[in-house]
Amino acid sequence: MNNQKYIRNFSIIAHIDHGKSTLADRLIEYCGGLNAREMSQQVLDSMDIERERGITIKAQTVRLVYKAKNGNTYYLNLMDTPGHVDFAYEVSRSLAACEGSLLVVDSTQGVEAQTLANVYQAIANDHLIVPVLNKIDLAASEPDYVKTQIEDIIGIDASEAVLISAKNGIGIDSVLEAIINKLPAPKESSTDILKALLVDSWYDPYLGVVILVRIIDGALRKNMRVKMMRTNSVYTVEHVGFFTPKKHISDVLYAGEIGFFTASIKRVSDCKVGDTITDEKKSCEQALPGFKPNIPVVFCGFYPTDSAEFEHLKDSLAKLRLNDASFEYEMESSSALGVGFRCGFLGLLHLEIIQERLSREFDLDLITTAPSVIYKINMLDGQNLEIHNPADLPDLQKIASMEEPWIKATIIVPDEFIGTVLSLCTEKRGIQLDHSYISNRAKIVYKLPLNEIVYDFYDRLKSCSKGYASFEWQMDVYELSDLVNLRILVNGEVVDALSTIVHRSRAEQRGRALCIRLKDLIPRQQIDIAIQASVGSRIIARETIKALRKDVLSKCYGGDISRKRKLLEKQKAGKKKMRQYGNIEIPQSAFIAALQIGGE
């Protein structure tokens, strides 16, 4: 397709569960991308985990062919994007490849916190936005009220918002006409020299790395020699194509189009998301700006339960990193858990999804350490450090001050649940910044410490609002804080995998909870086991697992008391030796359960 005025590149943005993927299904069905037999629910959500959870994790692309009412045939490139704040990097990449967006809002729920986050990204990318109100067939639908909400909160005109029911296929033709008439075509190509944006990549066991590109200038052809501008790697293009959503092979991709190519690329490191791809012989002079990298904010350790699985874990992480550029990892070792990896994520859901993908797609059984965030340490000698692993925390005597990250959180909640939500935020050391009302719902803006959020905040927010609250956050500032390194000792030995950095006011509560949990999990042995929580040299909590008593007198049937005394003295000496030299074996099941203590 070489005439760009008949191309439209657009994304669908929305809050979770407002009907993005269902609308994508209906658009594919209406344009004949798949026949009725091939259609399934959430057809663009290709991972099992996406369908089970009802969320989109990976942005997907599909080319649709639509004959408009004006008689012309148009080629529509749809980018279906995630809604959850943890996958904002996927959203940003999709938006950079498009000129416009459909803003889908549930007409029974209205504007939610993550709707705001995603629509502001679209506005920052200079997108034209078409509001679409979904679920108008439901009795609770309030389209006029939601239109007013969109105009008041987001500030875009919603008077001509398209009314649809994606589930029942109502209004789908109106959406397609709005895409044609309201969204712009790609800019005309300014040169014949190839310039393409690397939007995404994934690993295929037969083809090597598959690269998704948006062609900005020129054309990408089969057998062409192309260069990655960031790494200067050169490859010969073997296959070129696009998704309908089935894979469709073609010979060329022209300016304005979105498609994929393969080139027997085996080195994962050559494919940097946001890189510029150009012709080896006639290279473009200036690379595209690419994407602003998302910085991981939540960290934890992944350790294989079987040390023989380490290399398999290493290869699996490399393949996942190719498919998810916002995920980072580095090797680390623990005296308790062996060798593993310290991994960085955009949030807790991101962590959970990566963990589940490693389990499902690569059949790995992992131990995951407690999540932590990046702390800034100001040393007495003038050095400034950034750490996210409690084991790396220097001696407290050498530290001048410590800073922790704070976030700015926006919570939208029905007014009947305001009291419980405010109590939760206060409990988490939050500072209220704003409190306003949108009809019968409140918009609350809080400043919260990130390390209070990474454990159980989202679950408790949903629980105390009966699932009605929506939550979106962004990094704000680092502030001085009274932080301590909470260490767990078993019989005087520090268990590094259970160490965590907490605010001093929370240390005793968290330490006591961990000690009680470990007491229930570690099996009794022939000596007393002391489980202690300490801050520096001070013990703040202790639990004791009482010894099992082996009856050494069971084989004595009466007789001289000196024989019994001799056996008891021998047992006593043995226990003394065990206390002196014995190591307590903590089962891995105890580690796994204890590391779930986070929010208690």
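For all residues, glycine too, the Cβ spot is worked out from N, Cα and C.
According to Swiss-Prot, the features are:
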- Asp17, His18, Gly19, Lys20, Ser21, Thr22, Asn134, Lys135, Ile136, Asp137: GTP binding site (BINDING)
- 5-187: domain 'tr-type G' (DOMAIN)
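Feature map: Swiss-Prot annotations on the structure.
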{"residue": "Asp17", "record": "GTP binding site", "CB count, 10 Å": "14"}
{"residue": "Gly19", "record": "GTP binding site", "CB count, 10 Å": "24"}
{"residue": "Ser21", "record": "GTP binding site", "CB count, 10 Å": "26"}
{"residue": "Asn134", "record": "GTP binding site", "CB count, 10 Å": "29"}
{"residue": "Ile136", "record": "GTP binding site", "CB count, 10 Å": "20"}
GTP binding residues Asp17, His18, Gly19, Lys20, Ser21, Thr22, Asn134, Lys135, Ile136, Asp137: largest Cα-Cα distance, in Å and rounded to whole number: 18
